[in-house]
Amino acid sequence: MDEDLWEKERRLWLEGPEAYEELLADDALMTFPVPGGPMDRSTIIDSVTSSERWEAVALDDQHVREIGDARLLIYSAEGKREDKGYAAGCVSLWRMTEGGYRLSYHQQTPL
């Protein structure tokens, strides 16, 4: 099951708005560094629609914590797009719903 969550997490780094429509919980929130700030589900999907996706991403130093029927993924990410790179410490909370695990919260801290 944890491998499936890591694959879903990777999809959100690499794929477009369709993946977000599928994988985000209705009440999802994400917090990004300035100028991003906190975003709700519709703002997240709008942002993904208008931004370039990462060409490659490495999710390293992976840890999973069980919290009831939810899973907390903690990891370091390195994304690459053209000649640009990005590194962040990340935390994602995946909550079990009737439709399977959905992302409820994600936060990034640049490294």
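Even glycines carry a Cβ here, placed using N, Cα and C.
What you see is a predicted model, and the numbers here were worked out from it, not measured in a lab.
As written in TrEMBL, here are the features:
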DOMAIN    17-103  domain 'DUF4440'
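Within the model, the domain 'DUF4440' (17-103) shows a mean pLDDT value of 94, rounded to a whole number. Across the range of the domain 'DUF4440' (17-103), the DSSP-based residue counts are 16 helix, 55 strand, 16 coil.
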